[in-house]
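Chemist: One structure, pasted below without further comment.
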């Protein structure tokens, strides 16, 4: 593998507090401080003038649907979509078919990753057997099989007692719990945010309170057990406030926000377009602003996409019957730059941090930095390039994106994994 | 101004002028209903499919009758006899109906937004006969048509809608039409069924029946569904009736000339006492009759007819 010499880039690496125009050197799959004159002569040079070079993006919340729903996405297609979005490490949720609640299934997934993934793909395991919320999954075996966290994402453990035991048990293995915060009893039949828009549309609403109650429960259990609970895709203002107070007390909780929850509100559901149907649902403008402020002050630790592919024919239904979820990997950076940097005056380095150092740290992944000796996982992007996103021409097997056909600003040009270019100028090169 | 809409999906999207056009057309058709030969050739040679994927008695019969009064051929499908029970999607069912050369589709569906969805797929007019808890536009049209027959202008009139507002498509369609006419709309019932979010639609929300009914010109009752009680929306039908059922004493709070309305089916003794449902102020059966005229107007206009040519239709 040739050494790489990326020149004239604005190198942003929050982990090593670097933000300056300069060069980046890669040798033997690692970031190096410099190359010798002889190495420089042999190195493949990438002129990155006008581009940002940052650590490869890290997404700790994706659904790649393998095994069981490979008509929607596979590890191969999902990892390609990730590479096209600048991601070099992603973490898959366990709600596959079968769900990832045994060491055997984890091994099957790991084998598929080894065979087909063009980036680094990590796996989580279930909290409960069959994700049914009734009995603990074999968490120790899952850990030995290689999971890096446990979650029943897509679902939420309803029994407070079982969640308490999961916290205690997982702590023994130093495994974080990730939770999709949703009280089932309050959301039966719910298909969008409960509020003025759902009232007008006559659709069953999913109230903020159903999220807030579980966030509160998790704060209490994290306090009581000392386990680390990571709250997934936070969508409500009150949840942000609950987390803010908990963090001020030093409780071991973290949380994520998605690009769609910072960009869109429930008004987008006004024409019953199922590309805006997701769980948790798009909330109100007040909630959206609170999430952005949560990201600004660190209450919400990271950005994550909740990349959730579904086929066209599955989404092409009455709103009540369509599945929840949208694609996210190929648009996450552009959408986040638009909302956070251009509209809310975040520093570019802050957004890079939310996508790199912080998520890597949260799950202890060897990623998220361009420090000397780190794996050479790099994303090169033009923060200002305008482009029209064509979901049907994307790398995911599905095309369920609310940003299909829209002009976005900020485009990933090159993605490098362990020193190897896997995506360049619109093409996968892995 | 000519009628330009191909579909009737909601009353929210109609202008006051368009509602007026439908009412004027319905008034002309209502005269035809009084003749010995109650039929005009306006839609002769056209085929209308009533796709009722949710149970219905009066709406389906009224659409059936309206189409026949216009000389259209009518085919009715319900949920149990359509291929949706075999897992066929709504898109496929509707596209097959279009491929069978139907000229118009009338749809009743439990999923809100399904008529809008079909209108984007099909090349033929789509008429919403009730979509989930969203809208029931022809009911809103016939209700306001009936109110105007009795009260004339609705501007400044106090209209009370009482009962299960949250899940009511009838309430939403009436709210949209009535606010366009300038009526003062108050919705009333238990707080679980009458949430504050409705204020955004331009109505007053009340849980105090006496103040809501005082001097009202119209009270429209909505059916209280037993399953709402089992879902925990209120404690019991008895408690509902005790607090919100319309009886003679409570009816005395109304304007003496007020009319009492109900889209049906009625739960006698629950939301309304029989003596009021059958009393002089009740216009419940007039609503049913007007439902034919209004639906004739909607089918006629959405097929390309114009309000001014209805008499010769």
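A Cβ is built for glycine as well, from the same backbone N, Cα and C atoms used for every other residue.
When I checked TrEMBL for this same protein, it listed these features:
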type    : residues                                      : note
DOMAIN  : B:6-149                                       : domain 'Aspartate/ornithine carbamoyltransferase carbamoyl-P binding'
BINDING : B:58, B:59, B:108, B:136, B:139, B:264, B:265 : carbamoyl phosphate binding site
BINDING : B:86, B:169, B:223                            : L-aspartate binding site
DOMAIN  : B:155-301                                     : domain 'Aspartate/ornithine carbamoyltransferase Asp/Orn-binding'
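Distances, neighbours, how buried they are, the whole picture for these features please.
Modeler: According to DSSP, residue B:139 (carbamoyl phosphate binding site) sits within a helical segment. Other Cβ atoms within 10 Å of the Cβ of residue B:139 (carbamoyl phosphate binding site), summed over all protein chains shown, number 28.
Neighbour list (residue B:223 (L-aspartate binding site), Cβ cut-off 8 Å, at least 6 residues apart, same chain): B:163, B:164, B:262, B:263, B:264, B:265, B:266, B:267, B:271. The DSSP secondary structure for residue B:223 (L-aspartate binding site) is coil.
If you take every residue in the domain 'Aspartate/ornithine carbamoyltransferase Asp/Orn-binding' (B:155-301) and average the pLDDT, you get 96.
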Chemist: Just how spread out is the carbamoyl phosphate site if you go by the largest Cα to Cα distance in Å among B:58, B:59, B:108, B:136, B:139, B:264, B:265?
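Modeler: The span, Cα to Cα at its widest, is 16 Å.
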Chemist: What is the number of residues in the domain 'Aspartate/ornithine carbamoyltransferase carbamoyl-P binding' (B:6-149) that are helix, strand and coil, as DSSP sees it?
Modeler: 68 helix, 26 strand, 50 coil
Chemist: Using a Cβ-Cβ cut-off below 8 Å, which of the binding-site residues B:58, B:86, B:169 are near chain A?
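Modeler: From B:58, B:86, B:169, the ones near chain A are B:169.
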Chemist: How many neighbouring Cβ atoms, not counting its own, are there within 10 Å of the Cβ of residue B:108 (carbamoyl phosphate binding site)?
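Modeler: Counting Cβ neighbours of residue B:108 (carbamoyl phosphate binding site) within 10 Å gives 25.
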Chemist: Quick check on the binding-site residues B:264, B:265: which one has the highest count of other Cβ atoms within 10 Å of its Cβ?
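Modeler: Going through B:264, B:265 one by one, the largest Cβ count within 10 Å is at B:264.
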Chemist: Measuring Cα to Cα, how far is residue B:58 (carbamoyl phosphate binding site) from residue B:86 (L-aspartate binding site) in Å?
Modeler: 27
Chemist: For the L-aspartate site made of B:86, B:169, B:223, how many Å separate the two farthest Cα atoms?
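Modeler: Farthest-apart Cα atoms in B:86, B:169, B:223 are separated by 32 Å.
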Chemist: To the nearest Å, how far is the Cα of residue B:108 (carbamoyl phosphate binding site) from the Cα of residue B:169 (L-aspartate binding site)?
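Modeler: One finds 12 Å between the Cα atoms of these residues.
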